[in-house]
Amino acid sequence: MKYLRYLLILIPVSIVFEFMHLSPTLVFVTSALAIIPLAGLMGEATEEISVYSGPRIGGFLNATFGNATELIIAFFALKEGLFEVVKASIVGSVIGNILLVLGASMIFGGCKFKTQSFNKKAVEVSSSMLLFSVIGLSIPAIFTHTVKVDLLTSKYESLSIAVALIMFLIYILGLYFSFFTHKDIYGSEHKGEVQSKWSLKKSILVLIIATLCIAIESEFLVGSVEAMTKAIGFSSFFVGIIIIPIIGNAAEHSTAVIMALKNKMDVAVEIAIGSSLQIILFVAPILIFLSLLFKPMSIIFNEFELVALIVSVIIANRVASDGESNWLEGVQLIAVYIIIAICFLIL
Amino acid sequence: MKYLRYLLILIPVSIVFEFMHLSPTLVFVTSALAIIPLAGLMGEATEEISVYSGPRIGGFLNATFGNATELIIAFFALKEGLFEVVKASIVGSVIGNILLVLGASMIFGGCKFKTQSFNKKAVEVSSSMLLFSVIGLSIPAIFTHTVKVDLLTSKYESLSIAVALIMFLIYILGLYFSFFTHKDIYGSEHKGEVQSKWSLKKSILVLIIATLCIAIESEFLVGSVEAMTKAIGFSSFFVGIIIIPIIGNAAEHSTAVIMALKNKMDVAVEIAIGSSLQIILFVAPILIFLSLLFKPMSIIFNEFELVALIVSVIIANRVASDGESNWLEGVQLIAVYIIIAICFLIL
Amino acid sequence: MKYLRYLLILIPVSIVFEFMHLSPTLVFVTSALAIIPLAGLMGEATEEISVYSGPRIGGFLNATFGNATELIIAFFALKEGLFEVVKASIVGSVIGNILLVLGASMIFGGCKFKTQSFNKKAVEVSSSMLLFSVIGLSIPAIFTHTVKVDLLTSKYESLSIAVALIMFLIYILGLYFSFFTHKDIYGSEHKGEVQSKWSLKKSILVLIIATLCIAIESEFLVGSVEAMTKAIGFSSFFVGIIIIPIIGNAAEHSTAVIMALKNKMDVAVEIAIGSSLQIILFVAPILIFLSLLFKPMSIIFNEFELVALIVSVIIANRVASDGESNWLEGVQLIAVYIIIAICFLIL
């Protein structure tokens, strides 16, 4: 984890590459790698601030900033009108969290500990919320693909905005649920033991600088996607669904694996499922709203994205209802991810 | 609940409107509202009769008359050849029970009690039966939509009748299961405590009169559907899937919410899931059989009805396997219902 | 079970019929019935050998020879280029095991014992592995049916081989899991109590002879399929998905029912789910690899096969998560199977 810091050197490198108009592939790779430690720093700064702000505001900050990287990258893709990339990256974040992050955690943790168990009750709230959210998000798309009526574009837009509003409302109610009416369900494990490493001032400064740098690098990244995909031969869809989410989720990814290695499987599972949930209930609606500033983006996913979403949710619920994990389960999650990735690659 | 009785005044009103050939919308609204207290009265009368008849026949009466209102409305729609409305109302009853009735019960109950728990074992028999039934009911439709061969109409009819026979057989075996071989699974909570309010004679009289009035009002309702949908702009599909089931299930709806408010979540969940089960295993086959009197109706649901059915069943099983409910879960069920309703509205 | 031995007389009968060029229907029926006791003998011989070889090699032999009959029949169908029959028989084995074998076990067992319970933990490993495997196997097919791009045939072949390799790797890792890292999960119930009936030499001899006879009869069976289907009017798809799997699984079928009658529901459930798992992770990949010797077979199932697979997996997981069975559950499984079979019959 600490070694990732060295990647920060790629910030100036990517800036130089961008302004010297070097190959888009080089710009893409350097800015992508630079984002990884920045996302880590942003996460750390948020954690630090929450030590000072108390658990309630801290929890809210963590919930909101947890997917800030994905949100910033998607924002620039939205501005460029790359709707397919934006939607693919929403789906890719969900499947990346459920299949890749959770699978890797189970393999690493499972190689060290024979069977790792976690509290089913705590995970079930998130996993069942994920189920309902994905169903809600999928219905307009299933409706569109099956009913095959030519609707006016304006109707799709209203439908997308209505669904986004409902999703966002559930997000707010979910925060109210977890911070007010049912705050006891969520573990108080972290309480008391946290010591601040940084001063509040330093934390806020790091948060602001990291966010700004992520914004710059995201602009480079998105700007080079199209030229890069042409040069390498990947589809932009593959970049959206596999590569961008891996970059955006790298921080959660390493945290989850570390937790699994410490046999804190509860935390690893909660990171993976909770992060997917935030993508659907917070990032996706916000992107729909933001798209109104440029050109309205519909919430209609394509058929394969739907399948990927539904598969992830079924697996997440199966895993959660189990209450136990082992290396073989992890291997199976990664195998499903690889098969999905191969399909997108040959598209 | 008691206040609903005042709606009985709409029976003569709707009769006057019908015979004065007033606007079909007015006839639709008055007859729809008149059915609500009538369905409640029919339910009460059945309960009363079962006090006299003993638990076994009483249970059978309740199981059979529980969805009599839906059956009567659907019968008149069938007679008019409104097959789309009939099939939509079957699906709408299932999603209305699982998403709307259960969701409302969880919200009302969850605002009064933090977490409401129910006996998983008892609910699991119904929820797993619902899963198998919906799968059985969906297979011919999935088969038809995917295999895209032009079959002779007579083959569809035989397929529909075969499936209906199998469903009905499972209904009979299910009654045998719950009243003979496994009657102990089903709670004996209601035993002994019930006092008759009405004499047996009065109960039977109320049952007959309520059934007759429902039949009359249903004929008005169905007769005005087409003209009303043209006047208002709703699709007849929307009326079938959203409005008619709300009317037909109003009685169950209020009972379930009242039970949830009394923290008897077992009963509320059982009403919602059990009622869906009866729609699929009893009402749907009976309607297929009855349609042979007029023009055979196929059991093939359209793609979106299938999705709605499958979604409801997945959610019902998720909820049942949980064994607990809270207000946020209720909100999510209602949110899925609203999204489905919006989709049908803009169709 | 013993009485099935008399069917061995059909071996010479089928040979005579074949070489006298009698009606293909007669050849099909006699060779099909002859395979049933042969498959039983092969299973018994494998059991005997495993008494001598010790549990580890014995377990491996059982796992590998368990579906040898299906594999041999499918091999000859592959050689004849009957890809549709091969793929249908893979799917048919899975649905036959989950719906028919498990359903029959529950009905027979449930008529003798009111409620039969089994160890959820042991069954959950297989049922969740089945879920992941079917998802992995379905993704390329769903991808192909939804994305509707015309891909080069060579791409489909590479995709099929890649998926087959991943499946086979998981099979190997699964054996490693069950024989090395987690061998304690799997019951040690059979340990110690087994006595050898036959000498090692006799067992090996029986195994070899039975395998050879199955190979001969399978060649007759497959050779007569096309002419027989034309004569009788069944589609070859129906033969592949319903009839061949019933023949190939007859041995497992009777063992599972016998175990259920002895109230060993764990074993019955494990046979049904474990056998399905082996079909997907071992038989299907091996067939893909073997097809490279003749003409590459793709792993792309048609839509209805997908639905049948997914339905079976959902039901297997529902049953496993329950931990209990009764006759009504068995009736429902068989009802789903019958509805699927009727659909294939009228195709």
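Quick reminder: no glycine exception, Cβ is built from N, Cα and C everywhere.
Feature list (source: TrEMBL):
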| type | residues | note |
| --- | --- | --- |
| DOMAIN | C:25-179 | domain 'Sodium/calcium exchanger membrane region' |
| DOMAIN | C:203-344 | domain 'Sodium/calcium exchanger membrane region' |
| TRANSMEM | C:7-40 | transmembrane segment |
| TRANSMEM | C:60-78 | transmembrane segment |
| TRANSMEM | C:90-109 | transmembrane segment |
| TRANSMEM | C:129-147 | transmembrane segment |
| TRANSMEM | C:159-179 | transmembrane segment |
| TRANSMEM | C:204-222 | transmembrane segment |
| TRANSMEM | C:231-251 | transmembrane segment |
| TRANSMEM | C:271-292 | transmembrane segment |
| TRANSMEM | C:304-321 | transmembrane segment |
| TRANSMEM | C:327-346 | transmembrane segment |
Taking pairs 6 or more apart in sequence, does the count of Cβ pairs under 8 Å between the transmembrane segment (C:90-109) and the transmembrane segment (C:204-222) hit 3 or more? no
Given C:129-147, C:231-251, C:271-292, C:327-346, the one sharing the most C-beta pairs under 8 Å with the transmembrane segment (C:60-78) is C:271-292
Give me the DSSP three-state residue breakdown of the domain 'Sodium/calcium exchanger membrane region' (C:203-344), ordered helix, strand, coil. 120 helix, 2 strand, 20 coil
Considering pairs 6 or more residues apart, do the transmembrane segment (C:159-179) and the transmembrane segment (C:129-147) have at least three CB pairs under 8 Å? yes
Stretch among C:7-40, C:129-147, C:204-222, C:327-346 sharing the most Cβ pairs under 8 Å with the transmembrane segment (C:231-251): C:7-40
For the transmembrane segment (C:129-147), what are the same-chain contacts with Cβ under 8 Å, counting residues 6+ beyond its ends? 94, 156, 159-160, 163, 166-167, 170, 174, 273, 276-277, 280-281, 284, 299-303, 305-306, 309-310, 312-313, 316-317
Cβ contacts under 8 Å made by the transmembrane segment (C:7-40) with residues that lie 6+ beyond its boundaries: 1, 68-69, 73, 210, 213-214, 216-218, 220-221, 223-228, 231-232, 243, 247-248, 250-251, 254
Under 8 Å between C-beta atoms and at least six residues away from its ends: which parts of the chain pack against the transmembrane segment (C:204-222)? 11, 14-15, 18, 27-28, 31-32, 34-35, 38-39, 41-42, 44-46, 48-49, 65, 68-69, 72-73, 75-77, 79-80, 82, 85, 198, 244, 247
